[in-house]
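Look at Swiss-Prot and you will find MET1 tagged as blocked amino end (Met), backed by experimental evidence. According to Swiss-Prot, the Zn(2+) 1 binding site annotation covers CYS62, CYS65, CYS72, HIS75, on the basis of sequence analysis. As annotated by Swiss-Prot, Zn(2+) 2 binding site applies to CYS102, CYS105, CYS149, CYS152. Residues or ranges marked as Mg(2+) binding site by Swiss-Prot: ASP527, ASP529, ASP531.
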Amino acid sequence: MSAGQAPKEIGEISFGLMDPEEYRDMSATKVITADTYDDDGFPIDMGLMDPRLGVIDPGLECKTCGQRSGGCNGHFGHIELAAPVIHVGFSKLIRRLLRGTCRECASLLLTEEEKDEYRENLDRTRSLRQDVSDVMTAAIREARKKDHCPHCGEVQYDVKHEKPTTYYEVQQVLASDYSERIAASMQPDEDEDDAGVSPQELAEQTDIDISRINEILSGEFRPRREDREAIETAIGADLTTEDMNKLMPSDIRDWFEDIPGEDLEALGVNSDRSRPEWMILTVLPVPPVTARPSITLDNGQRSEDDLTHKLVDIIRINQRFMENREAGAPQLIIEDLWELLQYHVTTFMDNEISGTPPARHRSGRPLKTLSQRLKGKEGRFRGSLSGKRVNFSARTVISPDPTLSLNEVGVPDRVATEMTQTMVVNEQNLERARRYVRNGPEGHPGANYVTRPDGRRVRVTEKVCEELAERVEPGWEVQRHLIDGDIIIFNRQPSLHRMSIMAHEVVVMPYKTFRLNTVVCPPYNADFDGDEMNMHALQNEEARAEARVLMRVQEQILSPRFGENIIGAIQDHISGTYLLTNDNPRFNETQASDLLRQTRIDELPAAAGTDEDGDQYWTGHQIFSELLPDDLSLEFTGTTGDTVVIEDGQLLEGTIADDEVGEYGSEIVDTITKVHGNTRARIFINEVASLAMRSIMHFGFSIGIDDETVSTEARERIDEAIQSAYDRVQELIETYENGDLESLPGRTVDETLEMKIMQTLGKARDSAGDVAEENFDEDNPAVVMANSGARGSMLNLTQMAGCVGQQAVRGERINRGYEDRTLSHFAPNDLSSEAHGFVENSYTSGLTPKEFFFHAMGGREGLVDTAVRTSKSGYLQRRLINALSELETQYDGTVRDTSDTIVQFEFGEDGTSPVQVSSNEEVDIDVEHVADRILNSEFDSDTQKAEFLEVEEPPTNLSEHGAAWEVESDD
């Protein structure tokens, strides 16, 4: 846009086809030679690297615009094709038009009344802002039904499309063996008691003279169309064969040139902007050099872009075509060269068309042509526009650090010195800015660059840092290192929801990994088995302010998906709070102080009592209560099934475990967040994590093989339960083989047998689990983890200690394998438990080779299912994001798209954020408390609050209302 020119608002954008003349007009040069560079290494004129198409080499000037490399965006050229070729992108549309228009007069095969009706449909569709392609499809479908042109009366033939770019006109003609077909159909058929048809009878049925029938039967006369159809009807024979006439691109172009413009308008095509003959190319645009740059290899040779390779092929075949045609070569050679030219133009457009061999390098690698540059994950749209590589980002492995706040992230010092934030120098921060510059790029906190007021950027080095520091004045900008407290954005892929990218505060730390508090793992779906995460350093104050207010971790404690907390205590934290509060253990003063020393609590509450020795003690409930807000009152059923009672910030009853403080909807965290705010919730979660870690270290908590080993007596009871199940299964099999097994309603006998065997073996596993569970104490580490909800379940413990159980594929016992048996270790048609995937061993005792094989079969199904679901859900999510990305909630509360169409009159139909709604019927939000908290944060005095609430001040003098006021005051 030139200076002083006012910007204009775009009313609409319409797409159309380009006229060959437009290709020529925008072209900087005609390309006629396939050579690129001369012997001296300079681009050849009218070649594919002509300087008029743009320049990529430093020092050269573009001969079209005069700009140097970097300033010139490049210019198109063109190739004059020796013969028309079909644009493969329009092959389906070409087929539709060939089938819907007359082969003689090229008019649309619809009557004038039908055309008017479709024009009205188009106007109505456009006024409703709907897609007009459905109307066009309906018009072509209607036109295809006509076998005669309603305008010129010409007979119409079907058009067959042989992908990608070959078209045939299919005509039904009289078969060469028509007389034999008639004679064969007239013969008697003994199987169907058919006496056959004599020539005299055929003549009577068809009203054809008997002499003519005899001439037809002898092959002396070829019947006309009316006679042929009459004979076919009489004897039920087909006397025709398909005659396929290939339509050359030049024929199709001539056909389309004759289509009237008003007929195109009935199909929704603007004939001024898009003529159908332009889909058959006579001129091929050549992309600018900047779109297909060549590179220089280490040995000095140039390597050309894939598009340039393809254009070389097109020019060479084009030249051969012209030379052979001018030399009068046979038609067969001309058609072969034409097909070859069509192939090269097709693969230049798209090198992944099914049924067409891809163009390849000498190495065998397929060329990456125009379509491949645009589509797919690595293409222009998804790879370069929607997502791209950015500066000011870092990526490394993550490690856990429970000493950090959930708002913080540990950043390696090496990253902190490489990443910078822009600091605008003023009077207040001048000395600090100079100190950063003086420290240089190596010292931390230092600076890497400074920007002068005139916009010039100067790199800070060890040599010039002292001098630069003295020159820094207000108005300069310093690109300083990241320091503690800086706000950055942290992300883990795949980014499936909003909380996959959140803002953290920097804590610069040694070593090379990002450090993260474990309570922040659930929203990122992160673990520490090698996961990597991305960090982005924000570059301006607006971005940093928005991130701090909207994206900080403490603002994401409640999930917008289900309205409950997604951040909370996990795994070891839950085991720690369980040990601290289960059975309400007692602690002496030293132990109680040690438990609370990493929290903000600086003094112990009053002791709960004294023991037999007269020493004071504090309880687990009492210590946990120190973390709760003073006015918190709750009562609900907890993880372990007992009732949790909290009154005025004191835990009176219950055990604190997953449902109380864990992630994904715990009562205490959810309530504190909604009633007391995100800051108080963040403090609570941090302190619960610290207290839980101290508790788990106090009690001691470890797990090993011995913790899952059952006693000899328990092992014998488990073996008895499994043997009893085996005996029951054998009885079922014998009953089935004797034919005495009754089928269940709606089931076959085979299905009934399988169901009963599965039920029997399922009960055996449950019995083994019950025995194993009885064998373990309540303080067993695996039992603690299962009961508290920290990790795993009693089923996992059952399989570790008792019996793994039946392995299933697609919900059934394992039946696949060899013929009539699952493995070669079993007899054919063996229906026993062992032969169909029952694993009687536990993980502790170890699986036999046969059991291991069956177990792997069951596990594979889970892996495959996970992979399939991941790819499907990822594709669906991307489709939804693309479809919904333009929707936006406006200031009037409506949800609208970019064309201002109202999608919802109120966001979510109720105008309510899930974060603000209580999802638990048992726990109501204390609305008054929330209102008081908001008012206290907004107003400094009670007078301001009263003005806001429009509460009238009580009278201050004892007038007529004085007595009434005194009474009210006494109350």
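Even glycines carry a Cβ here, placed using N, Cα and C.
Classification of ASP529 (Mg(2+) binding site) by DSSP places it in coil, neither helical nor stranded.
Just so you know, of the binding-site residues ASP527, ASP531, the Cβ with the fewest other Cβ atoms around it within 10 Å is the one at ASP527. Sequence-distant neighbours of CYS62 (Zn(2+) 1 binding site): residues of the same chain at least 6 apart with a C-beta under 8 Å from its C-beta are PRO51, ARG52, GLY54, VAL55, ARG68, CYS72, HIS75. All chains included, 23 other C-beta atoms sit within 10 angstroms of the C-beta of CYS72 (Zn(2+) 1 binding site). Annotated pair CYS102 (Zn(2+) 2 binding site) and CYS65 (Zn(2+) 1 binding site), C-alpha to C-alpha distance, rounded: 48 Å. Looking only at the binding-site residues CYS65, CYS105, CYS149, the densest Cβ neighbourhood within 10 Å occurs at CYS149. The binding-site residues recorded for this entry are CYS105, CYS152, ASP531, and the Cα of CYS105 lies nearest to that of CYS65 (Zn(2+) 1 binding site).
Note: CYS152 (Zn(2+) 2 binding site) has non-local neighbours CYS102, GLU104, CYS105, SER107, i.e. same-chain residues 6+ apart with C-beta under 8 A of its own C-beta. Cα-Cα distance from ASP529 (Mg(2+) binding site) to CYS149 (Zn(2+) 2 binding site): 72 Å (rounded to the nearest whole number).
Look at the binding-site residues HIS75, CYS102, ASP529 and count other Cβ atoms within 10 Å of each Cβ; ASP529 has the fewest.
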